[in-house]
Amino acid sequence: MTPVLYYLPPSPPCRSVLLLAKMIGVELELKALNVMEGEQLKPDFVELNPQHCIPTLDDHGLVLWESRVILAYLVSAYGKDENLYPKDFRSRAIVDQRLHFDLGTLYQRVVDYYFPTIQLGAHLDQTKKAKLAEALGWFEAMLKQYQWSAANHFTIADIALCVTVSQIEAFQFDLHPYPRVRAWLQKCKDELQGHGYKEINETGAETLAGLFRSKLKQ
């Protein structure tokens, strides 16, 4: 039985899971949920995932949500390249730290700044813009450490962070103050180009950015 992924194509967390699945050759049964119309609140989905969020993975009865957990699970269960999520606990801890930085800081500040406009048509908050710039500055400093975000090789942290930063880029946030971030992002794009980057991530990022721009004009 093929693992089932409940998702929405433009969602950044969903895109990261789709990119990894493509990279490691995992076939997923895709079930789209339109969260803008409340499809995630249907009783059968709430029964599956009480938090009723996407992405949600159902792999033979093992139900997981939170995209970064799903990334780690898919590599552990199906991946052949140990480098994507190292087994060495010290190396893995760095990958985990970057994933948590993405979840709790960088991506969260993207959501805080842009999503009130996307969802409610609210005006942009300059304080939240400054907080996003601050998080990008921290990431810029982190990139001094390794050739990639968490190691001297590509990991699942790069996938998660690439989706976040490419979405920031699609929103036309000024990335010029962050040369390491820009160079790293281009490396990620090159690495993922043969794994559906354009159709999965670039298209989704532009869809979400287009929705943002349309709300901004209202």
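Even glycines carry a Cβ here, placed using N, Cα and C.
For the glutathione site that Swiss-Prot gives as HIS52, CYS53, ILE54, GLU66, SER67, ARG68, the extra residue drawn from SER11, SER76, SER91 is SER11. With all protein chains in the displayed structure included, the most crowded Cβ environment within 10 Å among the binding-site residues CYS53, ILE54 is that of ILE54.
With every protein chain in view, the residue among the binding-site residues SER11, SER67 whose Cβ has the most Cβ partners within 10 Å turns out to be SER67. Looking only at the binding-site residues HIS52, ARG68, the densest Cβ neighbourhood within 10 Å occurs at ARG68.
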